Amino acid sequence: MSQTVFEPAEVATPQRAVRIAVLGYGAIGQQLIEAIAHEVAPQAAICVVRRQALPLPPVAQTPLAVCTDVQALLAWQPDLVVECAGHAAVSQYVVPLLAQGVDAIVASVGALADAPLHGLLLQHAHVSGALLRTVSGAIGGLDALAAAAPAGLDWVRYTGRKPPLAWQGTPAAQGRDLTQLRQAETIYTGSARAAALAYPKNANVAAAVALAGIGFERTEVQLVADPEVQTNVHELEAQGAFGRLHLRIANEALPSNPKSSWLAALSLTQELRRLLELKRHRSPALQQPPHCCG
Ligand SMILES: NC(=O)C1=CN([C@@H]2O[C@H](COP(=O)(O)OP(=O)(O)OC[C@H]3O[C@@H](n4cnc5c(N)ncnc54)[C@H](OP(=O)(O)O)[C@@H]3O)[C@@H](O)[C@H]2O)C=CC1
Ligand SMILES: O=C([O-])CC(=O)C(=O)O
């Protein structure tokens, strides 16, 4: 018998495989799917949501279904959705899926800087009972920040420092030749809200820090293009009644996208592990071989 994500002894009445929808097949999505198929949930049915209906080869013998619209995805009845496609996919897919009671894990945390969208997500999760999880992504220490917040935080600062190449295609490239940068240049200072909205592919971490700590307006953000660094460096500093926090993390970027850190993909995978574990306790029947859409 092939291996399942759940311990067979713990499964009362096997009925079907857990169905995981993955939004986006880019640098993070491909890492995530490899992890699901090889280790996290080898018997899961996976449906990949793409902008175009391009077929995908199976990963570790797991057939990958492909959907290109929300109606087809809803018809497939996913048990949970993992978003790694960008801010637009949050409103396009996560909102209607949450409304239908589908648990969601969101990597594009910066999308929640759009206050009406954030409100809608929370409302749908509340009404449908679905879980909405955002990831710490490319940073860490958010558990400490969240724990410290109720006791009072005086200030929270986040600095995102990446090589110039990682800022191509962003407002940082306007009026500036990033390839000619010889020293570190601050390309943004301001609130986490404005950072997340202006840099949707680079400031999701700023949004995650804001959500964990003192919110989008009060979280101070600095973004730096730095030719001296080879990694994506994230720094979190905070002071409050608890004491003082300073965390610095130097992340390897994913080979196919210099903007995105490998840790972001690992963090999404870890959140998926946690959610599957929770779902296993809630509905032990989720385990049998898949029946895919697409
Ligand atoms: N929280 C964190 O720490 C981090 C969060 N992120 C978030 O994760 C996202 C994905 O990162 P990454 O994988 O590196 O990015 P990539 O650009 O490598 O991949 C994004 C993928 O999403 C697809 N896509 C884009 N829009 C849609 C849509 N509306 N519907 C379906 N698919 C879509 C793209 O498809 P196509 O090929 O057709 O263009 C592409 O395959 C980022 O945009 C960012 O928002 C990223 C890094 C860190
Ligand atoms: O992956 C990273 O290093 C961080 C990132 O892009 C983001 O915060 O959006």
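Cβ from N, Cα, C; glycine included.
Sequence annotations record features per position, and here TrEMBL assigns active site to His234. Just so you know, the Cβ of His234 (active site) picks up 25 other Cβ atoms within 10 Å once every protein chain is counted.
Feature annotation from TrEMBL assigns NAD(+) binding site to Ala138, Asn204. Around Asn204 (NAD(+) binding site), the same-chain residues six or more apart in sequence whose CB sits under 8 Å from its CB are Ala107, Ser108, Val109, Gly110, Gly137, Ala138, Ala196, Ala264, listed in sequence order.
Over the domain 'Aspartate/homoserine dehydrogenase NAD-binding' (24-130), the average per-residue pLDDT in this prediction is 97. The domain 'Aspartate/homoserine dehydrogenase NAD-binding' annotation in TrEMBL covers 24-130.
Taking H, G and I as helix, E and B as strand and the rest as coil, DSSP gives the domain 'Aspartate dehydrogenase' (183-268) the counts 27 helix, 38 strand, 21 coil. The domain 'Aspartate dehydrogenase' annotation in TrEMBL covers 183-268.
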